[in-house]
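One structure is given below, encoded as structure tokens.
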Amino acid sequence: MRFLDGHQPRFDLTYKDVFIVPHRSDVASRFDVDLSTYDGSGTTIPVVVANMTTVAGQRMAETVARRGGLVILPQDLPIATVQQAVEFVKSRDLVIDTPVLLTPNDSVSDATTLIHKRAHGVAVVAFEGRPIGLVRESSCLGVDRFTRVRDVATTDFVTAPVGTDPRKIFDLLEHAPIDVAVLTNADGTLAGVLTRTGAIRAGIYTPATDARGRLRIGAAVGINGDVAGKAQSLAEAGVDVLVVDTAHGYQVKTLEAIKCVASLNLGVPLVAGNVVSAEGTRELLNAGATIVKVGVGPGAMCTTRMMTGVGRPQFSAVLECASAARKLNRHVWADGGVRHPRDVALALAAGASNVMIGSWFAGTYESPGDLMRDRHDQPYKESYGMASKRAVVARTVADSSFDRARKALFDEGISTSRMGLDPDHGGVEDLIDHITSGVRSTCTYVGASTLAELHEKAVVGVQSAAGFAEGHPLPSGW
């Protein structure tokens, strides 16, 4: 990457401050762009879901990995919970989705609670493991909530044997009353579901898989307590990427934790952070990290900069840290501060190999929280920062009440936030489509067919606030 006309900014820059200049291109189509990353994480799109309690869970991990990304489970989860999540994700199919499952005797109330755990919008009613009907939310309207789902389920739905080509599934669903096909095993038992859009995505995305062809998943460990023991347990549970995570990565305690984990030779990429300087990047890499997380304070739920004055504008931080890592043949992840697909593209242009996304994905069906509605009946999910009082209380549950109360005084994050869902595009896959479409287009404008070429060829300019505002669409006129 280079700056336009050799310009050297006199101050640090955020994503809003910069733009990418179009270049002569021989990349004819967005589908000619390879979004696979090159940092050993195994991602085939440059998207990593941040280790936030309100974002990263097993449903999110399954869905994102199927599209080529990676989810990092939070450090606060008990080892047993992580083990369960890893086993679940690695047992999932690479093409078809896990269904929301009901029995004939479940109630309409059960159905309305569970349907929105997945973006495909239906629940499968199964008896003795065999699908007998589908329930949509519309089927439950105007019905007593104690009504049995067998009385509202439709039996008019498409079925196909597992292994059916996704293109054929797409064709079967073209005139179907419900846009979901139910896939069955040879014995007639339920295998999963696939929508028309899912069938299309199966031909666009390449799942992020391990050496045994199973979906990938990562997990985080903090710098307190038995770091080595937990890291060892996470590796034994089968995680594919391990993250040593703390808000201030450039401290002695973090360096000691990295050295401790690196000495275990666990055989998985070791990510560590967070830092915002070349010096901090070098120290973490020299301690044993293979990838460094960059970002202090850019996240939507983070109040660190306003509380402490500490941090750095994210684009400049990524640019400097990526340059330092490259000299050691290592990599960085840009963590936080992305609000639009352009921000992801700019982080990649600056040299990040992956971009971590948190709050943006909190408002999706696949995030762990329950779907709620505001007084205007708009759907939303709650989110909070991982250094907030709410997160601190959850993290210190084993401490004495006095210690918990004392630690709760020192929070740096939003404890309650509402992340709205778009009812028509509420799935994380919709956001992944949105992001990767933007990044692919960026590559065609730059003349890059890979992410490495994007960084190599990108020419970045600095703009005014008015320049950034000019780029916003005006759907309602002016």
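Glycine residues also receive a Cβ, built from the backbone N, Cα and C atoms like all the rest.
According to Swiss-Prot, the protein has these features:
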{"type": "DOMAIN", "residues": "95-152", "note": "domain 'CBS 1'"}
{"type": "DOMAIN", "residues": "153-211", "note": "domain 'CBS 2'"}
{"type": "BINDING", "residues": "D245, T246, A247, G295, V296, G297", "note": "NADP(+) binding site"}
{"type": "ACT_SITE", "residues": "C302", "note": "active site, thioimidate intermediate"}
Over the domain 'CBS 2' (153-211), what does the predicted model average in pLDDT?
97
I'd like the per-state residue tally for the domain 'CBS 2' (153-211) from DSSP, helix first, then strand, then coil.
17 helix, 17 strand, 25 coil
Additional residues surrounding NADP(+), by Cβ distance to the D245, T246, A247, G295, V296, G297 centre under 8 Å:
H248, G249, G273, N274, K293, C302, T304, D335, G336
Long-range Cβ environment of G297 (NADP(+) binding site), under 8 Å and at least 6 residues apart:
T304, R305, V310, G311, R312, G336
Measuring Cα to Cα, how many angstrom lie between the residue listed as 'active site, thioimidate intermediate' and V296 (NADP(+) binding site)?
9
What counts of helix, strand and coil residues does DSSP assign across the domain 'CBS 1' (95-152)?
17 helix, 19 strand, 22 coil
For the recorded positions D245, T246, A247, G295, C302, which Cβ has the most other Cβ atoms within 10 Å, all shown protein chains included?
G295
